[in-house]
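Novice: Handing you a structure now.
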Amino acid sequence: MRRAIRLEFRKMRRLRTFLITAILVLAVAGLSSFSLFAGSTQESFNDPDALPWAGLMVTYTLMAAMTSPILAAVLASRQTDIEHSGIGWTLASTAGYSPGVLCRAKLVALSAVLLPAVIVQTLLVIGIGLFAGIRVPLDPGPWVLYTGLLFLIDVAFLALHIWLAAIVENQLVSVGVGMLGAFLGVFTLLTSTAIARLIPWGYYAMISPIGQQGDRLVYLTPPFGWIAGFLILVGIVFAVATRRLDRIER
Amino acid sequence: MKTEFVPQHDLPRDYSGNCGWGDEPDRNEASMTSVITTHELTKQFKTHTAVDALNLDVPQGHVYGFLGPNGSGKSTTMKMILGLTQPTSGDIEVLGEPLTRASRTKLLPSIGSMIEAPPGYGHLTGRENMRIVQDMLDLSTAQIDHALATVRLTGQENKLVRNYSLGMKQRLGIAMALARNPALLILDEPTNGLDPAGIEEVRMLLVDLASQGITVMVSSHLLDEIDKMASVLGILSSGKMIFQGSRDQLFEQSVPDLIIETSDPQAALAQGLTATRVPEGIRMSGIDKDQTAKVVYQLAVAGVPIYEVRRVAHSLEDVFMDLTGRGGLL
């Protein structure tokens, strides 16, 4: 498996995986922080009761829910499409690497790219917040928690898109599903948790540690049980689905 | 001794695929070991049988030409031999071992292959593609360099594969198959889409590899290509093996028509021969040497003037067409 993962990094060359990731990270960080430069927002930067960091996180969760499904779809699609166009499935099979192994290796390799990207993304948002003048001390707990959960949900969608890109050669399908996911991700931020938990992309909303109580923003504890259940379910489905891929005769 | 005349085309043909290799070619006895054997190999898809009770026998150190019209089951057979497709029934033995899930892992490093289309990641260079193969199989850089040199891609290996010509892609695919120093090379239509020079190049390469002791199984629907490189032929039609053996044995399967040149074809036909009239005399189908002698004797005794007796020039393609029922072979 380790060798298969190393091979995936070799294949990433010239796929612009790192460039695409960097562009989306910068876009999320930029769009999340955009409102910080509005005069009305800046008035609350020194008021602990106004929770300026929580306000910043709200826009961050919105932007992340909007872009993360697309990023996962694009990265997975590019990394998997090369196996269709390059007859890579057959090449690997004749060397003893089944399609399932390839898909699992792709998931690990892309997750390794995504982990630092999500961390840098969060740090950029915080950095821009400090640069914009937020003087209220930062409570790192919700940010660390959100960053960790965002990464895990991203990994879950990478798995979905790798599987989808492997079984459907037309990559428009995988990217199209990603776009739909982006819409649903934003939509579920505006709906109740009961609906969000039933929609896979709703988990981008479920992991948010910020909620609204009346007119005020409040820190919440995300529903860990549901999130863990979703991640475990995706893990099981991915394991079974990639095993079944080995039985597809190309 | 009286010989009864029976036209050859009325005789039952033995297309069971159990022909021996005869005197073809100049190999020692040890080289007659089979590298691939299949027993009643069958692959059934939902609506049709792609491969039907195939008994394949690929001898060591030969170029085995696997011929058949498009859709005759060549690629499916090759995929089954490589373990890429599961047979519905039947057994496969490769390099002396029954092909199973467990043995496949052990066998794969000894089998180079290129199935249906040449592999190669277009966004990577030829060298980078080879490095992937190197990593996959834990090969040395020397093996990679040797494979690239063998297919004459040295100097072109730093170009992106997407910029390669079809011929270069085919050669890269063969290099990927060769890099592991295989005992057996399985190539599915390796000359597909190549120009005549490219075809000749691949042909020379495969003959050269066989001379080094590598068994090469190569499929094609183009008779001409295979004829010039294969020492053993297997012909598939609608999933069934209709011939297996040497080129000479293939010719023996089909006797060319006999032309008897005479100024009096009417008299010749009056002797009760199954023949057709042609401008130069009469034409008879499917009669062997003994029967020819008998016919000539019969006509001579009857006083029919005979100026010449000759066989119609018969190409391998004619034989082939006879066997496959003109099933689309070129």
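Numbering starts at 1 and runs along the chain as displayed.
Cβ atoms here come from the backbone N, Cα and C positions, even for glycine.
So TrEMBL lists the following for this protein:
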TRANSMEM  A:54-76  transmembrane segment
TRANSMEM  A:107-131  transmembrane segment
TRANSMEM  A:143-168  transmembrane segment
TRANSMEM  A:180-204  transmembrane segment
TRANSMEM  A:224-242  transmembrane segment
Novice: How about long-range neighbours of the transmembrane segment (A:224-242): same chain, 6 or more residues beyond its ends, C-beta under 8 Å?
Specialist: 99-100, 103-104, 107, 149, 152-153, 156, 159-160, 163, 197, 200, 203, 206-207
Novice: What same-chain residues lie close to the transmembrane segment (A:107-131): Cβ under 8 Å, and 6 or more beyond its ends?
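Specialist: Residues 1, 5, 8-9, 12, 17-18, 21-22, 24-26, 28-30, 32-33, 36, 52-53, 56, 60, 64, 71-72, 75-76, 79, 138, 143, 146-147, 150-151, 154-155, 158-159, 162, 238 contact the transmembrane segment (A:107-131) from elsewhere in the chain.
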Novice: Excluding the flanking five residues on each side, which residues at least 6 beyond the ends of the transmembrane segment (A:143-168) place their CB within less than 8 Å of a CB in that stretch?
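Specialist: Same-chain contacts beyond the ends: 53, 57, 60-61, 64, 68-69, 71-73, 75-77, 79-81, 83, 99, 103, 106-107, 110-111, 114-115, 118-119, 121-122, 126, 174, 177-178, 181, 200-201, 203-204, 207-209, 222, 227, 230-231, 234-235, 238, 241-242, 245, 248.
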